[in-house]
Amino acid sequence: MSNSHLGTLCFIISLLGLANFSLSQTGLDDSTMQSLKSSLNLTSDVDWSNPNPCKWQSVQCDGSNRVTKIQLKQKGIRGTLPTNLQSLSELVILELFLNRISGPIPDLSGLSRLQTLNLHDNLFTSVPKNLFSGMSSLQEMYLENNPFDPWVIPDTVKEATSLQNLTLSNCSIIGKIPDFFGSQSLPSLTNLKLSQNGLEGELPMSFAGTSIQSLFLNGQKLNGSISVLGNMTSLVEVSLQGNQFSGPIPDLSGLVSLRVFNVRENQLTGVVPQSLVSLSSLTTVNLTNNYLQGPTPLFGKSVGVDIVNNMNSFCTNVAGEACDPRVDTLVSVAESFGYPVKLAESWKGNNPCVNWVGITCSGGNITVVNMRKQDLSGTISPSLAKLTSLETINLADNKLSGHIPDELTTLSKLRLLDVSNNDFYGIPPKFRDTVTLVTEGNANMGKNGPNKTSDAPGASPGSKPSGGSDGSETSKKSSNVKIIVPVVGGVVGALCLVGLGVCLYAKKRKRPARVQSPSSNMVIHPHHSGDNDDIKLTVAASSLNSGGGSDSYSHSGSAASDIHVVEAGNLVISIQVLRNVTNNFSEENILGRGGFGTVYKGELHDGTKIAVKRMESSVVSDKGLTEFKSEITVLTKMRHRHLVALLGYCLDGNERLLVYEYMPQGTLSQHLFHWKEEGRKPLDWTRRLAIALDVARGVEYLHTLAHQSFIHRDLKPSNILLGDDMRAKVSDFGLVRLAPDGKYSIETRVAGTFGYLAPEYAVTGRVTTKVDIFSLGVILMELITGRKALDETQPEDSVHLVTWFRRVAASKDENAFKNAIDPNISLDDDTVASIEKVWELAGHCCAREPYQRPDMAHIVNVLSSLTVQWKPTETDPDDVYGIDYDMPLPQVLKKWQAFEGLSQTADDSGSSSSAYGSKDNTQTSIPTRPSGFADSFTSVDGR
C-alpha cells in the first residue's frame, strides 16, 4: 500500500473514531435527559419534543453537546427525578424551583462542575446523605420549603469548598448546627439561611471570623449565648427570631456593615450595648419579647425599631431615659451573675423596692439582698457596695466563685454576709466586728484558688452595665485562660515537642481555600473580611483555628518553621517572612525608634503594607521580655474600633517582633504640630472634635467596658493614629498594666511622657484611671490651642501648657480665650460655642485632685453631643431584598412581606505606620511605644 493510501486510511479511521467518541458522549447525556423527560410530567408550555436534548427549551449544552444547564423554574411541573442524574458530569446549573416535583432528591455526588442547585418550593421527600459529596464547584444551593423527612446536615458539606449561598429553610433539618460552617472549611460562605427547622443547641464558635454576611436561623430550638456574633464582622443582616437564646447581646462595634438585627422572641438579658445603638449602618432592629434590662435604647431616626413596650425588662418605656441609680446598680450585680433569666423576669420597672425578687427596702433604701438558693453562678459584683444602706447580703447555697470583694467592707450598716455553700476562694476581706461573715461550705476559702479551669461564667465584676456586655461566654474564656497559662508553663518541655509536631503537620496539611503565593511557601490570609480596606497578611501555610483559636501557648524553636502556633486567634509569623517583607530590616525601612526597639515598614508581595516592631537581643532584657509578653496579652484582648489591633507576632530565639497594620495618615502629632513641614492641611475644628471623641471612646473601653479595667498611662498625640478616613485609634499598649479585679488603680513605676503626667502619678507613682483623664485633658488643650504640652519655644512662664491654660481660664477674659485658640481654626459662632464647652471640659479633666476629674463616660457624652453624627444617605444597590430602607418602616415591612411571602418579620427565602512614633528618640517617654494601627477586627466595643 502506498504512503498516500495509508495516510488517507488513517485520516478516515481518525474521523470515524472522533465521530464515535462524539456520539458516545452525546448518547450518555441523551439517555439521562430522556430519563428525566419520562420522570417529569411536563406542562404544555415546556417543549421537549426535539430528539436532541441540547435543543430542548430551558436546556443548554457546551460545544461537545454535553448538558451544562437545566432551568425549569415555576412551570407547575409534577413527577420525580430519575436516579441517573449524576451522570450529567458537565452540568453547571440545575434549577427546578417553584414546581410540584416529589419523591427523593437523587444522588448527585460527583457532579464536580455543578455550581448552582436550586430545588426550593417543591414536594421532595428526602435528601441523599452524600448530597454534597464531590461537589467542589458548588456555589449556591437552595432547598427551602420542601417537606423532607427529618435529616441532619451531612458532613459532606465540607467538600463543597466553593459554597457561597446555602438556603435550607423549612427543610425539616434536625440536630445541631455543625462546626464546619467556619471559615476553615467553607471560606467563601456568605449567606447561611436555616430558619424554620428543628435545629437545637448553641451557635458554633467556628462562626467567628467567617465571611458570612446574612445569617437567618429563625423559629427553632437554638439556645445559649449569641456572643459569637461579636466576632462575625462581615455580617450585614442577622435574624435569630423565635429561639431560646439567652445571656446578653454582645458588643457589635466590629460589625460596621450590619443593617438588620432581629433577635425578637428569645430570652436575652442584660443591657442593650451602646455599640449596637451607635452603629451607623443599622437600618432595622427588632428586640421585642426578650428580658432585656437597663434603659430602653434610643436609636437614630433612620433606624426602624421594633421594641414593644412591656415586652422586655427595661426600667422605663421611654427610649433614652436613664434608670434609677438603684436599678443601675442591681443590673450591674446581675451582670456578674451572667444576667440570669429568673432575675430579669422579676426585676422590671424603675423601682426595685416593688416586687423585685430578693430585694427588701426600708424608706426607699435597699437594706436586704437575699439570693439564697437561686442557682446563681458567676461572681459577687463590687457594685453591691454602692447600696450603702445594705444590712444583709445572703448569697448562700449557690454556685458562685471568685473572691469576696474588698469593697463590701465599706458598707457601714452591714450586719450579715452569708456566702456559705458556694465555691469562693482566697482570704476573706477584714470586716468590722459588728459584721457576721458566714463562709462555711466553701472548700477553697483561704486558699489561692480552686482546682478548676473556670472562675465564673458571668461577666467580670469590674465591668459596668452601661456600655453593654460581651456575654458570659467571653468571660468564661477569659477566666479559662488565666488558669490554663500556668499549667502550660509547667509542662513547657512537652509542649515544645507538641509544637514541633504541629509545625510539621501544618506543613503537610493542604488548604484548598488558601491562595498559594507564587514566590514562596506563603498564603494570603484575610485579616478582616468585613472591612472596606481589607488588610491581608502574608504568612506561612498553616492550620489556623477560626475565630476563637487556641488560648494556650507553645513555641517551637525550629528556625525552619514558618509559623509556630495560633494564640487567641492571632498569627505567629516566622522571622524569615518578616525579614523578606522588611528588606532584611534595612535602614531605609525604619519608621521610628523607641525604648524597646525599632519599627520597620514592610510590604508584602501583593503590595499590602505593614509595620513590624523589632526588639533585638541587645535591647531585650528580662524586663523587656516581660514587657513584650504583657503587650501581646493586652493587645489580643483589645477589640474596639478605636483601639489598635495586633495582626501577628514572632518569637524566634532572642528576636521579639510585633506586626501591626499600616496607618497611612500617621499620628495626630504630625497633623497638629508638623502639618506645614509635611505639606498637610491644618485640622479644622470638626475633625479635631471627632478625633477627640474617637480617643475618648477607645479609652472608655479600656477603663470600664472591657472584662477588666485597663489603664493606658501614656496618652499623647503621637500615640493617636489616623486612618485614611481620619478616624482615630489609640495605640501604644506596651505600658498598660492590668488593674486588679474590681479595682481601678495600681502602684507601679512611673511610665509616661512629661507634660501629660497627672501630678499624683508623677509624685507618688500611684496610677488610677484618672491619670488617663488628665492626659486626655492635655490633648484637648492641644487640640484647642495648637500648642504642645511642653513647648520650649514659649516664654518661661508659658512652657507648660496646663499651667498656662489654667491661667487663661482663671482670667475669664474673653479676648484672652479667643487669642488662645489655634489661629488655624476658622471661627464662627457655633465653633466658638463648641470650643467653649471643650475648653471647660479640658479644665475639669486636668483638675489637680483626681476625684475632681470626670470619668471617661462623661467625656464621651459631652463630646458626642457636640459631634454631628453621620446618617446614611444612599440605599445600597446590592441590598439582598431590593428594598429601600429609607422608606417608612410600614412600607419596608410590606415590601419585605411581599418578597418573602410571610406575615411576620422577614425570614430567609429565596499614618505613617502602626507601632511607631517620631523618628527621633524620645527620652521623655518611658519607654516610647508604637503609635500606629488600623481598624480592629471583631471589636468588643461599648460605644
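The backbone N, Cα and C atoms fix where each Cβ goes, and this holds for glycine too.
As recorded in Swiss-Prot:
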COMPBIAS  454-467  compositional bias 'Low complexity'
COMPBIAS  906-918  compositional bias 'Low complexity'
COMPBIAS  919-928  compositional bias 'Polar residues'
DISULFID  Cys54-Cys61  disulfide bond
DISULFID  Cys315-Cys323  disulfide bond
DISULFID  Cys353-Cys361  disulfide bond
REGION    441-476  region 'Disordered'
REGION    514-534  region 'Disordered'
REGION    904-943  region 'Disordered'
REPEAT    387-410  repeat 'LRR 12'
TOPO_DOM  25-482  topological domain 'Extracellular'
TOPO_DOM  504-943  topological domain 'Cytoplasmic'
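Around Cys323 (disulfide bond), the same-chain residues at least 6 positions away in sequence with a Cβ under 8 Å from its Cβ are Gly294, Pro295, Cys315, Thr316, Val331, Asn350. You'll find the Cα of Cys54 (disulfide bond) roughly 78 Å from the Cα of Cys353 (disulfide bond). In this structure the C-alpha atoms belonging to Cys61 (disulfide bond) and Cys353 (disulfide bond) are separated by 76 Å. Residues in the repeat 'LRR 12' (387-410) partition by DSSP class (helix H, G, I; strand E, B; coil) as 5 helix, 7 strand, 12 coil. Listed in sequence order, Pro352, Cys353, Thr367 are the same-chain residues six or more apart from Cys361 (disulfide bond) with CB atoms under 8 A from its CB. Cys353 (disulfide bond) carries neither a helix nor a strand DSSP state and counts as coil.
Under the three-state DSSP scheme, Cys54 (disulfide bond) falls in the helix class. One residue stands out among the disulfide-bonded residues Cys54, Cys61, Cys315, Cys353 for having the most other Cβ atoms within 10 Å of its Cβ: Cys315. When secondary structure is read from DSSP and collapsed to three states, Cys361 (disulfide bond) falls in the strand class.
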